[in-house]
Structures are given as structure tokens and as C-alpha cells.
Amino acid sequence: MAGGMSLDHPWAFAFGILGNLISFMVYLAPIPTFRRICRKKTTEGFQSVPYVVALFSAMLWIYYAFIKTNMYLLITINSFGCFIETIYIIIYLIYAPKSIKIYTAKIIFLLNVGLFSSIVLGTLFLFKGSTRVAVLGWICVGFSVSVFAAPLSIIRLVIRTKSVEFMPFSLSFFLTLSAVVWFSFGLFSKDIYIALPNVLGFAFGAVQMVLYIIYKDAKVSKSLADEKLPEHIAVDKLNDKVIAMEVKEKRTGNGCQGVEKRDVEMGPA
């Protein structure tokens, strides 16, 4: 865009302001989850990856905005995103078990330090001018598409259980609205890298809202109480592995004879 806040693009400016407001509310959506974590002083199996990925996405779009120049509205909301996601991650690290803290630290180092640094250095030294913007833009598109595809796991869960317990309508609505607004911003500012991934975001959001209408009155079966969110499954597997290793070390190191084989074989890898 030639001017992120230029009056030469009044519609882009209007949709950019609206996009900031809506995205602000979306960023604040996890607050109840973290209030619960602070109150119970445990992460209860919630995974840190979504917040680490959200932080990486905000960092990437800020870098794109600086390279493209004059994309102030993109910088403002993603700067807030970096701030709030960092707070979420800090709270998570305070109350997460030691093994999960280590796992989260590794993900942060690999994604937010390693990969982001590689992208910055690669685009700065290997490309120039409009080519640099194009390469970085397609990197942002590719990553945004993978983020927007994340709700597929929730959609599968809703269809399987015929329940929308794990898919609040308000969040689906605001995510869909956010995709529409940022698509419009990209359209009027003639930035395909912003507009394109939000088409997919709108499609997934619309599917979620349709499913909510279909299943909102469905009764929750008793088995659903034991149903785990997809984001919990990876953490459960990691916890199982850590527990299994600790039990095995106790058997070999301390000569414990009372641990049976079934205590070691905690489940699939």
C-alpha cells in the first residue's frame, strides 16, 4: 500500500481502523482462560503453541509492514498483539509444569528466535526492493494460511461430537468479521498479501458459524465430558512420556521393585 493512513485511500483507512478494533477484541478473547489459570495456579493441560504462534504471526506482520513502509495500521494492532501474547506466554510459563515449560521454551527459541531471525536476515541480504516485499509477502501468506487452517481440528470435533461446547459462537463471529474487514483493507489498499489469506479465514469462520447453528441445541452426551480439545492431546502425550521416563529412571536408579509394567507403558507415542 502506498499509504497505510493516507486520505488517498479513505476506504482502506476506514477498514484498517475497524480491523484494529475487531482484532483488539480477538486478542483479548483468551483472558478468561488465563484468569482461570491464575486462579487455579495450573495450566490444566492447555497448550502454549497457539500463543507462541500468534506472537510469531504478529512479529512477522510488523516486519512486513516496516518493509512495505507506511503500513501504520498494521503495525499498531500487531504491536498490541506482541504485547498481549507475550503476557499470555509469561503467565503460562509461571504456572505450567517444568516439562511443559521446557517444551514451550524450545518452541519459542525455534520459532520466534530461530525462524524469525532466518526470515529477517534472508530477506534483507538476499533480496532488494519490490522483490523483497513480494518474497516476504508470500511468506506471510503461507504462514497465515496455516494459522487459518487450525480451526479444522475444532470443526472435526464439532461434527464428531455434534456439540459446540468447544466452539463459542462469539469467537467464531469475531474471527469471521475480522477476516472480512482485513480482506477489505487489503483489497482497497491493493495488497494481495493481506487480502488473500483472509479469504480462507472467512471461509473457515463461516463454516464454524453454520455448524454452530446446526448443533447449538444438540444435547451433550455423557462421553463428551471426557472429550479432549485437540490442543490438549499433544500435551497429554508429552506428559505421558515424561512420567514414563521418570518412572523408568526410578526403577533403574533407585532399585524400585514395586512398579509394574503397566505404569511405564503410558500410551502411544
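Positions of Cβ are set from backbone N, Cα and C atoms, glycine also.
The structure displayed is predicted, hence computed values, not measured ones.
Copied over from TrEMBL, here are the features:
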- 12-29: transmembrane segment (TRANSMEM)
- 49-66: transmembrane segment (TRANSMEM)
- 72-95: transmembrane segment (TRANSMEM)
- 107-127: transmembrane segment (TRANSMEM)
- 133-159: transmembrane segment (TRANSMEM)
- 166-188: transmembrane segment (TRANSMEM)
- 194-215: transmembrane segment (TRANSMEM)
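Scored on C-beta pairs under 8 angstroms, the neighbour of the transmembrane segment (49-66) with the top count among 72-95, 133-159, 194-215 is 72-95. Between the transmembrane segment (194-215) and the transmembrane segment (12-29), the number of CB pairs under 8 angstroms, six or more residues apart, is fewer than three, so the stretches are not in contact. 166-188 is the stretch from 72-95, 107-127, 166-188 with the greatest number of Cβ pairs below 8 Å to the transmembrane segment (12-29).
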